[in-house]
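Okay, structure first, notes after.
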Amino acid sequence: MLLQSQTMGVSHSFTPKGITIPQREKPGHMYQNEDYLQNGLPTETTVLGTVQILCCLLISSLGAILVFAPYPSHFNPAISTTLMSGYPFLGALCFGITGSLSIISGKQSTKPFDLSSLTSNAVSSVTAGAGLFLLADSMVALRTASQHCGSEMDYLSSLPYSEYYYPIYEIKDCLLTSVSLTGVLVVMLIFTVLELLLAAYSSVFWWKQLYSNNPGSSFSSTQSQDHIQQVKKSSSRSWI
């Protein structure tokens, strides 16, 4: 009578004489996870990391524009909230580090790298949420400051020789500055929302990668290899 036992893709046939002959099965469903780790995982993490690094570069560049661009003093309260918080630079640096870790973790999928990616993405989610609040507050303050241009123009236009005290080009410059600053904040807001979504998705992704995707599979694979070696040794002894 022929008895069969299967262990991790290897079957062992026991003949009537007690000789064990290991037989390897054809690759099946058990190798799909390994194929994903080798092909799908690096591609997905590289895309996520690259977009996060792009968000880092754009947000930091726009922050530098806000620092060095000249604008009227009554716009300072609207912009200083975001700049003094350090979000355009520290937050962008956090996004860049997170993206770099995601790319590295995809190419070298080990538990320490996966845990680092999970932690950094969680921190990036909180940072992006705080940045979203700061940018929204700055946009509201900027809208209030922009109304100052129109109200001051109406007041000075009622005075005699108003063109002498407040030339028309200064009014246009005030409005143009308001539009430019609003555009910069809107673009920063868009990429902050994008980073928030990416960081939240990546946090869930790395959480599943760590705890939901066959935990302890590497340990089981090691046990399987040790068992195969023992079976081969017992088989050779039986032949002798």
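Residue positions begin at 1 at the first shown residue.
Using the three backbone atoms N, Cα and C, a Cβ is placed for every residue, glycine included.
Sequence annotations record features per position, and here Swiss-Prot assigns topological domain 'Cytoplasmic' to 1-47 (among others).
The annotation transmembrane segment is assigned in Swiss-Prot to 48-68 (among others) on the grounds of sequence analysis.
Here the topological domain 'Extracellular' (69-83) returns a mean pLDDT of 84 for the predicted model. As annotated by Swiss-Prot, topological domain 'Extracellular' applies to 69-83 (among others), with the evidence given as sequence analysis.
Annotation comment: Swiss-Prot describes 84-104 (among others) as transmembrane segment, evidence class sequence analysis. Tertiary proximity for the transmembrane segment (84-104) is limited to same-chain residues at least six positions away from its ends with a CB under 8 Å from its CB atoms, namely 45-46, 48-53, 55-57, 59-60, 62-64, 66, 113, 116-117, 120-121, 123-124, 127-128, 130-131, 134-135, 188, 195, 199, 202.
Per Swiss-Prot, the feature topological domain 'Cytoplasmic' maps to 105-121 (among others).
Beyond its flanks by at least six residues, the transmembrane segment (122-142) meets 52, 59, 75, 77-79, 81-82, 85, 87, 91, 94-95, 98, 178, 181-182, 185-186, 188-189, 192-193, 195-196, 199-200, 203 of its own chain at Cβ-Cβ distances under 8 Å. Swiss-Prot lists 122-142 (among others) with the feature transmembrane segment.
Residues annotated as topological domain 'Extracellular' in Swiss-Prot: 143-178 (among others).
Summarising the annotation, Swiss-Prot assigns transmembrane segment to 179-199 (among others) and lists sequence analysis as the type of evidence.
The topological domain 'Cytoplasmic' feature in Swiss-Prot is assigned to 200-240 (among others).
Per Swiss-Prot, the feature region 'Disordered' maps to 218-240.
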